[in-house]
Amino acid sequence: MGEPCGIGPEIILKAWDTLKRFPELCFYVIGDAQALKTVGADVAVIQDISDAHKVFAASLPVLDRPLTAPAVVGHPDSVHGPHIVRWIEEAVSLCLEGRARGLITGPIAKSVLYATGFSFPGHTEYLGNLTAAAPYDGARGPVMMLTAKDLRVVLATIHVPLSDVKKRLNADDLAHTVRVTHQALKTDFGIKSPRLVMAGLNPHAGEDGTIGREEIDLLKPVIADLQAQGIDIKGPFPADSLFHDEARLTYDACICLYHDQGLIPLKTLDFWGGVNITLGLPIVRTSPDHGTGFGIAGQGIARPDSLIAATHTAHDLSMKRYDA
Ligand SMILES: NC(=O)c1ccc[n+]([C@@H]2O[C@H](COP(=O)([O-])OP(=O)(O)OC[C@H]3O[C@@H](n4cnc5c(N)ncnc54)[C@H](O)[C@@H]3O)[C@@H](O)[C@H]2O)c1
Ligand SMILES: N[C@H](C(=O)O)[C@H](O)COP(=O)(O)O
């Protein structure tokens, strides 16, 4: 369910209403049934997940894990934090046990969870931690990718203050992010020979070292090493000209060095169709590209499009992983 006081319950209900005719997209919610009833959902509380398929066409299936205080729409409260975290943990366990084919996370408010002592920057890192002991045949993440239309961006640093980005970037982590991306494009996306590009950090990708030296001192050597290992990666390129229509045709994924470098073009291109995918996990995980939308929660105007896209993507990825 994610954050129960934001738009999560509303978009879950709207997504179910759109998808209920498609049994292959059957999902159930792990969370507070009352929060879903508050937004008007006809909820079917299930005791066993195998019952989800039986009710999905008629009602929204929920594994009810009640909050201990009411969720007030538009008013997040850190008292809900431990519940939100336990819902994520239960979902991950079901995936690891092979009882669910994928996890679609509802948006969480990072600050609400931080206030309860949650020590991971977001789902991505927490999912990496929860699945660390599970076997995984490949380059292990977690690595954050967002997709929208013909664009895939991958973040080399995620929820990091801009002032810390430079010190967080290093050759080993960058190379690892590229390797995880390269492998995921092949196995999860079916791209035989992935073409990667890397954005520069500085304006004009440093302009030969006159506007910053990170491109010369860090990025070019990493790219040269990866090329020598047979990975088709080019760059570093000036980020401002990497995302227009023609540029996007030249690569399968762009490695971006910080959050907004990748997510501004992505969410500008298609905010409603954007999907967040965690690469390099032993489970399938997707999420909408947007957050908790507290400012519009309870108004009935939240759009479910990104959650619907995340559900389709989770289904597609699970087909590749488990049925191919
Ligand atoms: N997937 C996630 O878990 C995730 C992703 C991004 C942000 N967040 C969290 O969300 C919180 C709010 O972040 P933010 O304000 O930067 O981003 P946001 O995506 O919640 O909102 C940005 C803008 O888009 C609008 N919007 C968002 N989703 C919408 C929808 N489905 N329909 C219509 N309008 C929508 C909002 O009203 C707001 O104007 C933060 O605490 C952040 O940590 C979570
Ligand atoms: N970085 C994402 C975004 O801004 O859209 C979002 O915060 C999701 O992060 P997690 O999946 O790690 O929670």
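Along the chain as shown, residues are numbered 1 onward.
Note that Cβ sites are derived from N, Cα and C of the backbone, with glycine treated the same way.
Here TrEMBL flags HIS123, THR124, LYS267, ASN276, ARG285 as substrate binding site. Under the three-state DSSP scheme, LYS267 (substrate binding site) falls in the helix class. Every protein chain shown contributes to the tally, and the Cβ of LYS267 (substrate binding site) ends up with 18 other Cβ atoms within 10 Å.
According to TrEMBL, the feature divalent metal cation binding site maps to HIS159, HIS204, HIS259. In the three-state DSSP assignment, the secondary structure recorded for HIS204 (divalent metal cation binding site) is helix. A C-beta separation below 8 Å, combined with a sequence spacing of at least six in one chain, links HIS204 (divalent metal cation binding site) to ILE211, PRO238.
The local packing around HIS159 (divalent metal cation binding site), expressed as other Cβ atoms within 10 Å of its Cβ over all shown chains, amounts to 13. Following the DSSP three-state reduction, the secondary structure of ARG285 (substrate binding site) is strand.
THR124, ASN276 are the binding-site residues among THR124, LYS267, ASN276, ARG285 whose C-beta comes within less than 6 Å of an atom of ligand 2, given in sequence order. In three-state terms derived from DSSP, HIS159 (divalent metal cation binding site) belongs to neither a helical nor a strand segment and is classed as coil. In the three-state DSSP scheme, HIS259 (divalent metal cation binding site) is classed as helix.
According to DSSP, HIS123 (substrate binding site) is assigned to a helical segment.
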